[in-house]
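These come from Swiss-Prot:
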- Asp31, Ser32, Glu33, Tyr34, Asp35, Ser80, Leu81, Glu109, Arg132, Glu166, Lys280, Lys304: NAD(+) binding site (BINDING)
- Lys111: active site, N6-AMP-lysine intermediate (ACT_SITE)
- Cys430, Cys433, Cys448, Cys453: Zn(2+) binding site (BINDING)
- 611-686: domain 'BRCT' (DOMAIN)
Amino acid sequence: MNIESKIKELTDQLNQFAYEYYTLDEPSVEDSEYDHLYHELVKLEQENPQLVRADSPTHRTGGVILDGFVKFRHPYNLYSLGDVFSREELALWEERVRKEIVNPEYICELKIDGLSLSLYYENGLLVTAATRGDGTTGENITENVKRIKDVPLKLKEAIDIVVRGEAYLPRQNFAKLNAERELEGAAPFANPRNAAAGTLRQLDTKIVAKRGLATFLYQEASPATNDTQEEVLEYFEELGFQVNPERKFARNLDEIWEFIEEATRLRDELPYDIDGVVIKVNNLAEQEELGFTVKAPRWAIAYKFPAEQAETEILSVDWTVGRTGVVTPTANMTAVLLAQTTVARATLHNVDYIQEKDIRNHDKVMIYKAGDIIPKVGKVLLEKRKPARHLRKTHRANKYVWTRFGRRSVEKGLVFSKREDNRVKIPTQCPECDSDLIHFEDEVALRCVNPLCPAQIREKLIHFASRDAMNIVGLGPSVISQLFDKKLVTDVADLYQLTVEDLLTLDKVKETLAQKIVSAIAQSRENSAEKLLFGLGIRHVGGKAAKLLLERFANLRALSQASEEEISEIPSLGGVIATAVVSYFETAGAKTLLDELENAGLNFAYLGAVNVEGILSGKTVVLTGKLTTLKRTEAKEKLEALGANVSGSVSKKTDLVVAGEEAGSKLTKAQDLGIEIWSEQDLLDL
């Protein structure tokens, strides 16, 4: 046997052994035999580096120091899930599904508490792994994901596919990692999720390989070739992916709830952390029929487990002003450990929330983390509230008190008493600019409407530079606050006039950081226009809405001149967003700001736009069967270039099916529905 054949044999053998060990949990060889074969392969590859295969198991052992992580733009939108916290909320979601789908069936899966990622395979080989990021743009973490031993570098079939899943750190590995960190004098990780996220952002791949991350894959992001979610998961197992076996088929709310109760009981016994249950409509065609909101699919929901709670005391309440002028109360509390992190502050939302719960200073309260993330005050422990005291105070000479008759002097030694009042003082003036606060009838928030309020301007600048908006690395809240205080910037357009010399006048900003910030500002000019639109901070316009708006109007200038009626025609966007967008661009200064940003060289075009004037413009097309000339990704790109929306399943909304060889149930269903059928050659002839 020649060397190339031997390397091929060893690579295939070791990959099969790894599949049996990590995926099937049925090892067929002893560790010693695996190690012997592995070291034999390492030696042969070192002597013959030109023969190393892309799926070699030696890629998993680390040894690469990365310079950083580059951005990766996902070809498919990676939506987050809506969530519910009770059976009643779940019932409302299920009721909405039943209004659209007759006798829906569901798949219930455990919600893994880890880091979401996407894996891209071409011809069966792993070519890219990326974090979800904001659902549109993530980070390329391919080298690190290759060090996760249960991620197949080569699939059982030579196909193109994009899959979504969760990377997590098993509890046993988490305990081992923290024990090692304590011995080294390093701070322990707060929880396995933080450890998993931190591990995947390591620049040294040896550290990733050592920590023992694992994965569960659960969704095909590229157009699916199966008819149900259940079939997708079974297909993933056949391809070599790790799929969570803890799942249940359900036909109604009662059966869904049975699985949730079972998952709740199992939660502490599992070798990994979960934070809920994901419920999905099983039929993929029905998923497509239900569609999406701006942020999430209508065909799936996440039930979140009741949050862990802790008792603490409210010490005081701060009021802060956000970028839209909303004044938000935050409780300062006695620090307490909650969900494995120390919490000393919690949001109180708004005045109504404080008054409804009768929250007072020095109250004992129960706090929890909504979705295990944001600390919130849940319940006031009224039985532990101390009765109000009478305070006695002696005023010295030359002091004054206010009475309804005006100010009067207090003689030395005069004593008076008053009743202690621990109720939270509701502000009537903005804590930043002293303008009168307004409480609009249709809102629960207190709002500062002064457009020159320094807090609002500062927060708008911070939002503009943030990761989900223009992503200007290095330009964080501290730097922006200093720039604003020194009057070096007064609006977002001023950021594009900054120089290294300007930045060097700030505290803790040295030459290297200043150069990095100026470079990041310059790079942000090339961002797609939906990032800029989101960065402008228009009320009700989040990242998803910004993308939908720019997909429709293609250019920020065109959007700025659109009417409410035109915007309201966009699916998933309502009148509230339309009114907010039109109102923003009608305000004094909006046109001037756009002119300044355009003159500064910012991109106003939506970079994801396709030619929508093609012969398939607005048509929904499904690919099915085996293509002999085109790769599936090439066929999809060709269809999209012709204006088509490529879907993964056949429904009444499908306009056309392109059927290759061995097309199965999708072709049959299309024929039953009378949908137009094309061959691969028909597509090639265009």
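Each Cβ is built from the backbone N, Cα and C atoms, and glycine gets one as well.
Taking the Cα atom of each, Cys448 (Zn(2+) binding site) and Leu81 (NAD(+) binding site) are about 33 angstrom apart. Sorting the domain 'BRCT' (611-686) by DSSP state (H, G, I as helix; E, B as strand; all else coil) yields 24 helix, 18 strand, 34 coil.
Ranking the binding-site residues Leu81, Cys448 by the number of CB atoms within 10 A of their own CB puts Cys448 at the top. Among the recorded positions listed here, namely Lys111, Cys430, Cys433, Cys453, Lys111 has its C-alpha nearest to that of Lys280 (NAD(+) binding site). Cα of Leu81 (NAD(+) binding site) to Cα of the residue listed as 'active site, N6-AMP-lysine intermediate': a distance of 11 Å. Straight-line distance linking the Cα atoms of Cys453 (Zn(2+) binding site) and Arg132 (NAD(+) binding site), rounded to a whole number, equals 35 Å. Cβ atoms within 8 Å of the centroid of the Cβ atoms of Cys430, Cys433, Cys448, Cys453 (the Zn(2+) site) belong to the same-chain residues Val321, Gly325, Pro431, Glu432, Asp434, Ser435, Leu437, Asn450, Pro454, Ala455, Gln456, site residues excluded.
Set side by side, the binding-site residues Cys430, Cys433, Cys453 differ in how many other CB atoms lie within 10 angstroms of their CB, and the most is found at Cys430. Here the Cβ of Lys111 (active site, N6-AMP-lysine intermediate) has 22 other Cβ atoms within 10 Å, regardless of which shown protein chain they belong to.
Mean pLDDT for the domain 'BRCT' (611-686) in this predicted model: 78. Neighbour counts of Cβ atoms within 10 Å were taken for the binding-site residues Arg132, Lys280; the minimum is at Arg132.
Lys111 (active site, N6-AMP-lysine intermediate) falls within a strand segment according to DSSP. For the pair formed by Lys111 (active site, N6-AMP-lysine intermediate) and Cys433 (Zn(2+) binding site), distance between Cα atoms is given as 45 Å, rounded to the nearest Å. Every protein chain considered, the tally of other Cβ atoms within 10 Å of the Cβ of Glu33 (NAD(+) binding site) stands at 11. Comparing Cys433 (Zn(2+) binding site) with Arg132 (NAD(+) binding site), their Cα atoms are 39 Å apart once rounded. The two recorded residues Arg132 (NAD(+) binding site) and Cys430 (Zn(2+) binding site) have their Cα atoms spaced 38 Å from each other.
Cα separation, Glu33 (NAD(+) binding site) to Cys430 (Zn(2+) binding site), rounded: 72 Å.
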